[in-house]
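Enquirer: I am attaching a structure below and will ask some questions about it afterwards.
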Amino acid sequence: MAQASGLDPLVDGEDERPKWDNKLQYLLSCIGFAVGLGNIWRFPYLCQTYGGGAFLIPYLIALVFEGIPLFYIELAIGQRLRKGSIGVWTSISPYLGGVGLGCFSVSFIVCLYYNTVLVWVLWFLLNSFQDPLPWSTCPLNLNRTGFVQECQGSGTVSYFWYRQTLNITADISNSGTIQWQLFLCLVACWTVVYLCVIRGIESTGKVIYFTALFPYLVLTIFLIRGLTLPGATEGLTYLFTPKMQILQNPRVWLDAATQIFFSLSLAFGGHIAFASYNPPRNNCEKDAVTIALVNSMTSLYASITIFSIMGFKATNDYGRCLDRNILSLINEFDFPEQSIPRDEYPTVLMHLNATQPERVARLPLKTCHLDDFLDKSASGPGLAFIVFTEAVLHMPGAPAWSVLFFGMLFTLGLSSMFGNMEGVITPLLDMGVLPRGIPKEAMTGLVCLVCFLSAMCFTLQSGSYWLEIFDNFAASLNLIIFAFLEVVGVIYVYGMKRFCDDIEWMIGRRPALYWRVIWRVVSPMLLFSILLSYVILLAQQPPSYEAWNPQYEQFPSREEKLYPGWVQVICVLLSFLPSLWVPGVALVQLLSQYRQRWKDTQLERSPKPEGRC
């Protein structure tokens, strides 16, 4: 690929470029970037929603035909050209420079809101060093005569999340004020990120040993504890019981493909940056397969851990539901205390319904089915900050488990931030934005400061609504477009033969027929299908959000609202602005070449001065 930039393909790249201390450091950095919060709070949700074990079928197909091949391309071009995303795509073709700028833009935007999630995690982590945990009970009302009504209506954990953490407004149009506890956590998070990435891979390479490995230790501890809790078996059975008929739903295949895509952090530019610090003759093919498989196995491992705990929570909630109904029967019919065991409740209720149906009908009995409680799943922040947090409350030694859980989430998010920041900082360093006299630390500090100032909007009371908008619209569509252009750019613009020549030079052998067929035919078609399906899905669904409104009739259910017109405009801009770099740069390049040709033509036509005798 060095040919594209006019270099001898047999010459090793820049000697001055930083290098990884060892191979393990590089692998852990890539794994830390790929394995993020989505492995913990999205993959288990998709597995449960789409038929348990049946979901693994489209997931593995997407991994083999989309995830690993595209990942291989990113590692190969980064390693061979030894540049960030902007430099790589400008080298391949000046007309594709917009792909690099688009990846850079998306990485910058993702840095803003991804680190805000770490702000929330840090806030919960700091509050976990208390016994009892602050979300275990409702606070007293102003008169101190009872508990706050909003907390009683929603539950202690939901109240702590929505009111005491976010202090959320009931409408996105009402921005509210900055929440100073979140602002201080934002300062702390960006300070931690800056200290970790201050010298690029020289500093992140040291921290990554802890941030990449600690989550596996915590997951293992939670798994061992979870499997010993009552209800773990029911949770795992519910998770992995295959429902093959669900595969007839096209949405399953789309979600499987997009989950692989985002889980591997493809098209961000971070993996290209990481690979650019590798030795030119490193075996990038082996790395791509290894990292992708570790990422997928981590998702599966996390699902087992999460649902062993969720099974315990569901069993606990199911038991409390039965206990409330039993207490109602005992009080109504004057039965002796503890005279109705949980196992005999259905029989007793059936008998009373047959003999005294009118008295039973007057009782506020709830329908209690274990599957209903197992169905109460969530993804994203809802799983981390509400569902799983509530499950931890029921575990003995809850504060210790809460510290472990949020500590794990913080290190997971931090290692992913390293990759996102590399996707921003490496292209800037390669382009020489700042003069050579200014150290890298200053550039890194400037980037972190700009990100911090830009992310302050997420500490407003409406901040979580805006974070959801950025997450749904800023990255998803743009990344799919950039991934499609990556495959087309390398295979059809740069050329399959030259790409295979470079891989042969790097790893000592040409890519197998499998890779060549996938790159040339399957991956472009699959990515184009995903892109088309995603656009159709967005067009069919009016942009809406779920507001937390204590005045809502069905509270604590969230009220679904359509975005105001001005917010919808912002959604559209976020969806397409990064992608506009591609035609914009291509047009500028075309006009530049046309202007140069016009100048050359004018010079040829201008009369030459006659020589003197």
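Cβ coordinates come from backbone N, Cα and C, glycine included.
Just so you know, TrEMBL annotations are computer predictions that nobody has curated.
Worth saying up front: this structure is predicted, and the values here are computed from it rather than measured.
Quick paste of what TrEMBL says about this protein:
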- Gly32, Ala34, Val35, Asn39, Ser263, Asn295, Leu412, Ser416: Na(+) binding site (BINDING)
- 26-44: transmembrane segment (TRANSMEM)
- 56-77: transmembrane segment (TRANSMEM)
- 98-126: transmembrane segment (TRANSMEM)
- 178-197: transmembrane segment (TRANSMEM)
- 209-232: transmembrane segment (TRANSMEM)
- 252-277: transmembrane segment (TRANSMEM)
- 289-310: transmembrane segment (TRANSMEM)
- 400-421: transmembrane segment (TRANSMEM)
- 442-461: transmembrane segment (TRANSMEM)
- 473-496: transmembrane segment (TRANSMEM)
- 517-539: transmembrane segment (TRANSMEM)
- 566-591: transmembrane segment (TRANSMEM)
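Give me the lay of the land around each of these features.
Expert: Among residues of the same chain six or more beyond the transmembrane segment (56-77), those with a C-beta under 8 A of the stretch's C-beta atoms are 1, 47, 88, 92, 247, 252-253, 256-257, 259-261, 263-264, 266-267, 271-272, 275, 284-285, 287-289, 291-292, 296, 300, 483, 486-487, 490, 499, 502-503, 506, 515, 518-519, 522-523, 526-527, 530.
Long-range neighbours of the transmembrane segment (98-126) within the same chain, counting only residues 6 or more positions beyond its ends whose Cβ lies under 8 Å from a Cβ of the stretch, are 37, 84-90, 165, 181-182, 185-186, 188-190, 193, 267-270, 272, 381, 384-385, 389, 402-403, 406-407, 409-410, 413-414, 416-417, 420-421, 423-424, 427, 451, 454-455, 458-459, 463, 467, 470-471, 474-475, 478-479, 481-482, 485-486, 489, 574, 577-579, 581-586.
Note on the transmembrane segment (289-310): residues 27, 30-31, 34-35, 39-40, 43-44, 47-48, 56, 59-60, 63, 67-68, 71-72, 216, 219, 222-223, 226-227, 229, 232, 235-236, 238-239, 260, 263-264, 374, 377, 383, 387-388, 391-392, 395 of its chain, located 6 or more positions outside it, place their CB under 8 angstroms from a CB of the stretch.
Only residues 6 or more beyond the boundaries of the transmembrane segment (400-421), in the same chain, are considered here, and those with a CB under 8 A from a CB of the stretch are 29-30, 32-37, 39-40, 107, 110-111, 114-115, 117-118, 121-122, 124-125, 128-129, 133, 192-193, 196-197, 204, 207-208, 210-212, 214-215, 218-219, 221-222, 225, 265, 268, 270-271, 273-274, 384, 388-389, 392, 444, 447-448.
Residues 1, 4, 70, 73-74, 77, 89, 92-93, 95-96, 99, 102-103, 105-106, 109-110, 113, 258, 261-262, 266-268, 516, 519-520, 523-524, 527-528, 530-531, 534-535, 538, 571, 574-576, 578-579, 582 of the same chain, all 6+ positions outside the transmembrane segment (473-496), place their C-beta atoms under 8 angstroms from a C-beta of that stretch.
Long-range neighbours of the transmembrane segment (517-539) within the same chain, counting only residues 6 or more positions beyond its ends whose Cβ lies under 8 Å from a Cβ of the stretch, are 62, 65-66, 69-70, 73, 250-251, 254, 257-258, 261, 476-477, 480-481, 483-484, 487-488, 490-491, 496, 511, 575.
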Enquirer: At a threshold of under 8 Å on Cβ distances, which of 178-197, 209-232, 252-277, 442-461, 566-591 pairs most often with the transmembrane segment (26-44)?
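Expert: The stretch with the most close Cβ contacts to the transmembrane segment (26-44) is 252-277.
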Enquirer: Rank the binding-site residues Asn39, Ser263, Asn295, Ser416 by the number of other Cβ atoms within 10 Å of each Cβ and report the first-ranked residue.
Expert: Ser416
Enquirer: If you count every Cβ pair below 8 Å, which range out of 178-197, 209-232, 252-277, 566-591 shares the most with the transmembrane segment (442-461)?
Expert: 178-197
Enquirer: Quick test of the contact rule: Cβ under 8 Å, at least six residues beyond the ends. What residues does that give for the transmembrane segment (178-197)?
Expert: 115-116, 118-120, 122-123, 126, 165-167, 203-204, 207, 414, 417-418, 421-422, 425, 444-445, 448, 451-452, 455-456, 458-461, 463
Enquirer: Within the chain of Ala34 (Na(+) binding site), which residues six or more apart in sequence place their C-beta under 8 angstroms from its C-beta?
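Expert: Ala34 (Na(+) binding site) has long-range Cβ partners Ser263, Leu264, Ser265, His271, Ile291, Ala292, Asn295, Gly419.
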Enquirer: Can you tell me how many other Cβ atoms are located within 10 Å of the Cβ belonging to Val35 (Na(+) binding site)?
Expert: 27
